[in-house]
Amino acid sequence: MQFSLALVTLLATAVSALPTEEKRQAYIPCSGLYGTSQCCATDVLGVADLDCGNPPSTPANATDFSAVCSAIGQRARCCVLPILDQGILCNTPTGVQD
């Protein structure tokens, strides 16, 4: 009886000493219909954005997405359909301040 109590106590101590694993979700700036992340220079009434391209690096969060695009003189956008460096139907990603 005492042996089993000692064994349970030992196992409980060992389990409580194990570090917890923290899993973080990857940042996905654009999803759904507006699923293409772009850095665009000019916004035309929210219908089209001019001089758009893919972000030069993968953003880690909304602030980083804005900073990555700002570093090349553009703004972070989520577009429906980028065609020939033009973003069609673009909006500002969640968490990004214009």
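Yeah, the Cβs are placed from backbone N, Cα and C, and that goes for glycine too.
Note that this is a predicted model, so its numbers are computed, not measured.
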Recorded disulfide partner - CYS79, candidates CYS52, CYS90, source Swiss-Prot
CYS90
Tell me, from CYS39, CYS40, which cysteine Swiss-Prot puts in a disulphide with CYS69.
CYS39
Looking only at the disulfide-bonded residues CYS39, CYS40, CYS69, CYS90, CYS78 (disulfide bond) has its closest CA neighbour at CYS90
CYS90 (disulfide bond) to CYS40 (disulfide bond), Cα to Cα, whole Å, comes out at 9
Integer Cα-Cα distance in angstrom, CYS40 (disulfide bond) to CYS69 (disulfide bond)
8
